[in-house]
Amino acid sequence: MTPRSVFALPRQQSLFLPAVLNPFVQEVKLANADIIKCVFRGIFLVPIRAIFLTLVLVVTWPVAVIITFLHPLKGAVAPMTGWRRFMCRRVMAFLGRSYYFFMGFRVVVKGQQVSSAEAPILAVAPHSTFFDGIVCIVAGLPSTVSRTENLATPIFGRFVRCLQPVLVSRQDPDSRKNTIMEIDSRAKSGGCWPQILVFPEGTCTNRSCLITFKQGAFVPGVPVQPVVMRYPNRLDTVTWTWQGFSSKTLLLLTLSQLYTNVEIEFLPPVTPTEEEKKRPVLFARRVRNVMAQALGVPVTDHTYEDCRLMISAGELTLPMEAGLVEFTKISQKLDLKWDNVKKELEGFAAVACSCKGGRITIQEFASFLKLPISPALQELFALFDRDGDGTIDFREYVIGVTILCRPANTEEVLRTAFQLFDTDEDQRITHEEFSSMLRSALGVCDLNVSKLFKEIDTDSSEFITFSEFQAFALNHPEYAKLFTTYLELQRYQALQGVESELSSTNHVSSEDNQEESISDKKDD
């Protein structure tokens, strides 16, 4: 049963659960009939399509070599002009359309793409699959942002070079700054450079929502044209997320379909206000809201860092979705870095390693603290359990430890706690003092605290000094909040007692007055 909280705790609405809990999972399950159809169609379609795709690649590669011949990618790079630009925008674009046509894609384009002078940047979302490259073909092969390593990829590396991408290098510590500067330079070239196409989400989702947009495309403060993508198919064979089908499986399933529908819609350009030019995050949010409204989906504050936490959760033998916390919102609200949240995940795993589903019950919470279930422990658990479902997930754990426990871990609180344990005031806590105080605090007569005592007594001296007490509390902030919760409960019960006594006194007084009144009447 979920413990009832004695003290009302206001919950910040901004820290409530998102509209979509996990945008990184692909939940499509193939029915037996769909599997049979894919197998029989694939026997004929996959080989035929593979032949045509190979022929297109054979033609495309030498064209790409000619376009990029003796054209530098680094240093004083200038936009392609003349015959290079013609071949790139016409010939390569035609071959790209042929490539997707032979894969079975039927493309519907809505809206009107504006020129580079009107909107230097194209922001495309949602990003859900490696097939999303088709938007680059439809948009006339604009520049993209690409990792330097992609240029070394056989065959496709040459195709990427035709786009004159803004390169990002993992080895360069200044890469992020240089990338933003290059985007800014091209965006403000007055139409000399082609448009820059970016996927501001930075990772693939299942298209159920729009996650946090990275700010790089919005830093220049120039108009941005939003582009939304849809895949209106009965059977989803394209979505490529962190949990779901592999890329090879998706490719085979897609090639086994008679056709795959894709809609690309160019929305009207969005021009930043003066405030948004100064604060790109506001511009990114407004553009995202415009796109979410056009798609009819909610927005969440998940980001690529949530994917990293998912992987870390899997490595800690937790369900991968246990690592999802809406990192952007949590990090900003609680002033936490990724390393801090990763450390809290490890602490959560230590508690939840024996539970199923990556959620902590009150029994597991008590077992981890090496304490029995008591009113003080139930109150602490209720403070962590923000949605009141009787369990604590990782998101609730991070919020609880940061908001509730760490502020209670002050030296003043720890000094007070130490003095209550140290009954003889000799600046050390013996095993008897420790167990006696906890029995009184938790209301348990037969409490065995030997394991907990030994864990705090790091030097095995048979007594606990304040430095040991403080070090343990800093590494285990739950205990500090448990102690303050106990004090609050004591005060609450004392106040209840005082109110009861006052009520009783008032009741006796009224009876006395009533008796005096009756006596007076008798005398009369």
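Cβ atoms are placed via backbone N, Cα and C, with glycine included.
If you look up TrEMBL, you'll see 372-407 (among others) marked as domain 'EF-hand'.
According to TrEMBL, the domain 'EF-hand' annotation covers 409-444 (among others).
Confidence annotation: the domain 'EF-hand' (451-479) carries a mean pLDDT of 81 in the model. For 451-479 (among others), the entry in TrEMBL reads domain 'EF-hand'.
Positions annotated as region 'Disordered' by TrEMBL: 501-524.
Taken from TrEMBL, the feature transmembrane segment applies to 50-70.
Counting same-chain residues at least six beyond the ends of the domain 'EF-hand' (451-479), those with a Cβ under 8 angstroms from any Cβ of the stretch are 369-371, 380, 401, 405-406, 408-409, 411, 414-415, 417-418, 421, 427-431, 434-435. In terms of DSSP secondary structure, the domain 'EF-hand' (372-407) contains 24 helix, 1 strand, 11 coil.
The residues of the domain 'EF-hand' (451-479), classed with DSSP into helix (H, G, I), strand (E, B) and coil, number 19 helix, 2 strand, 8 coil.
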